[in-house]
Amino acid sequence: MAASIEPVSMVAEGRRGPLRSSSRGIHAFRVTRRPTSILRRGFVGSTWLVAGALCFVLDGVESAGWPRQGALVLSALSALFGLWVFWRDGACRITAVGLYHLAFALFVGFSGLYQVARAWSDAAGASLFPALAICYFVQVTTWLLFWSGLGIPDLPPDAGQADGRTAGWAMRCGAVLLTLAVAGSTMIPGSVPLVNSAGFIGVLLLSAGLLGGPMRRWLPLGAVVIGVAFAIYFIYLFNGFGRLVLGALALALLVIAAHRDRRRLTKSLVLLGAAPVLLFLAGLRASDASASPGVEEDGFESAVSPLHSFAQLLDLHAMGSLPMAMGETFLNAAVGLIPRAIWPEKPVGFGADLVPFLSPELAGTAHSEAALWHGEWLFNFGLPGLALMIPVTGLVVRAIDWLLLRASSKPLDRPSAVGVYAGTILAAVGLFDLVWVGSFTYVVRTGGRLLVLLAVLLLLAWGASRLRTSGHAAESYSVAGSRRAGSHRAGGGARAERRSAMLQRSCSSGRFSGL
């Protein structure tokens, strides 16, 4: 049974006819989806699985002296499957499931095509085809079991739209955060993670106010303002490393833009712009290649090396040289947000754990490696961990997808609603970090941004509480003053009546008879 969002109206009658229901609690939303046939899902999933199985026949088949047919076809299938799910899931909306598959298409599909074309894995001694096969079948199986039946959501007309007051708050708050982040990066040497996160949240809130509020009618003007804000972030807060952060910010803005689509224009923009963006980001890294020994001159190494590292881990596991961490990296990720200044002995992340195995010559330095989300499960539990990865990933990504759908299915009529909406977008776009290098980077980057957003909402709630307290105090003082004034007037009247009565009694007794 798949679902949609159906508004349940509670209409009140007024003297001039029915009153429009308010968005504050009078509209309730029931999360449902359009039904998707189980047979159809099973047929489509089986088709993808059979297509992947046929690649085993091609593996090792030599054509014109080139024995990489299986890896080539499986890489292309991985890219196509990831892009197909991104395009299909959620219809016009960009969903968490779609973003997870877009990351899979990049870090597995594109990476495999790149390495097959350059024969990188053969030269390094790692087996590419087994790594591709595991990633592909885990991905298709997870989609078939947990995500294939989500269907297409039906959203009400005012879903994800902010009123003028809330949109104005989001734009002001975003502009202030971006300004403070730029000022902080200028005054504080080096890039402080929270400063970068503040700038990230600033651009996101500014865009939510522009694209979700009344300003959406002037889309060209809003696009210019958002472009300027993104450029400010790029110039003042981007230091040349962490290019995935730029991609995550761009995707977050596109998630907001996709909510106003009636056709898949934003998704088309993502797919058509993927190649130019990759070339641009690779060019940023390639400019530093001459100063960094071992870095690929074309700048694609950080995007394609995780699959290669995962293949190396598989080889080490097959030789019995890879110990099992038994979930230790997940525990390390759980404490990733604790500053090392407070806890100097804090455990390192999964990327640093890989260095002694993949780059032993760099052990003891600040270097880290990336070996995909799949690599973390292999590192912790061996091959059974890759089977355990299927239900855990399926449920976690589905939960993030549901939260994003829930947050975007209602009007953004309060700052808290905008905050929840922005938070779910952060959790969704952070899935790129999860696929790329695992849980530690996801927790540190996404968790840092969520902390900044939470601080903004708590500050707003504190300010609103102070205003309510001062308003109640002023009202109480006014009421007390009115009561005292009324008591004074009532007391004065009573005294006048008593004096008049005494005068009348004196006159009647003859005390003033001589007058």
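Counting starts with 1 at the first residue shown.
Keep in mind that glycine also has a Cβ here, set from the backbone N, Cα and C atoms.
TrEMBL annotations: computationally assigned, not manually curated.
The transmembrane segment feature in TrEMBL is assigned to 38-58 (among others).
Annotated transmembrane segment per TrEMBL: 70-87 (among others), in sequence order.
Positions annotated as transmembrane segment by TrEMBL: 99-117 (among others). Counting residues 6+ beyond its ends, the transmembrane segment (99-117) has Cβ neighbours under 8 Å at 68, 71-72, 74-83, 85-86, 89, 128, 132, 135-136, 139, 143, 251, 255, 270, 274, 278, 300, 303-308, 372, 397, 428-429, 431-432, 434-436 in the same chain.
Look at TrEMBL and you will find 123-148 (among others) tagged as transmembrane segment.
Within its own chain, the transmembrane segment (169-188) has Cβ neighbours under 8 Å at 162, 195-196, 198-199, 201-210, 212-213, 215, 229, 232-233, 236-237, 415, 418, 452, 456, 460, counting only residues six or more beyond its boundaries. According to TrEMBL, the feature transmembrane segment maps to 169-188 (among others).
Sequence annotations record features per position, and here TrEMBL assigns transmembrane segment to 194-211 (among others). Remote same-chain residues near the transmembrane segment (194-211) are listed as 162, 166-171, 173-182, 184-185, 188, 222, 225-226, 229-230, 233, 236-237, 245, 249, 252-253, 256-257, 259-260, 412, 418, 421-422, 425-426, 448-449, 451-453, 456 (criterion: CB distance under 8 Å, separation of at least six residues from the stretch ends).
Taken from TrEMBL, the feature transmembrane segment covers 218-235 (among others). Residues 174, 178, 181-182, 199-200, 202-203, 206-207, 210-211, 246, 249-250, 253 of the same chain sit 6 or more residues outside the transmembrane segment (218-235) yet have a Cβ under 8 Å from a Cβ within it.
Sequence-remote contacts of a segment are chain residues at least 6 beyond its ends whose Cβ falls under 8 Å from one of its Cβ atoms, and for the transmembrane segment (241-257) they are 94, 99, 160, 196, 200, 203-204, 207-208, 211-212, 226, 230, 233-234, 266, 269-270, 277, 281, 284-285, 302, 425-426, 428-430, 432-433, 436, 445. The transmembrane segment annotation in TrEMBL covers 241-257 (among others).
The transmembrane segment annotation in TrEMBL covers 269-287 (among others). Here the transmembrane segment (269-287) has Cβ contacts under 8 Å with residues 83, 86-87, 94, 102, 106, 110, 240, 243, 246-247, 250-251, 254, 295-303 of the same chain, all six or more residues outside its ends.
Marked as transmembrane segment by TrEMBL: 377-397 (among others). With a threshold of 8 Å between CB atoms, the same-chain residues lying at least 6 positions outside the transmembrane segment (377-397) that come near it are 96-97, 100, 134, 138, 141-142, 145-147, 310, 313-314, 317, 322, 324-330, 350, 353-354, 371, 431.
The annotation transmembrane segment is assigned in TrEMBL to 418-436 (among others).
Residues or ranges marked as transmembrane segment by TrEMBL: 442-462 (among others).
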Residues from the same chain, set at least six apart from the ends of the transmembrane segment (38-58), whose C-beta lies under 8 A from its own: 69-71, 73-74, 77, 81, 129, 133, 136-137, 140-141, 143-144, 148-149
Within-chain partners of the transmembrane segment (70-87) [C-beta distance under 8 Å, separation at least 6 from its ends]: 48, 51-52, 54-61, 94, 97-99, 101-106, 108-113, 115-116, 128-129, 132-133, 135-136, 139-140, 143, 147, 264, 267, 270-271
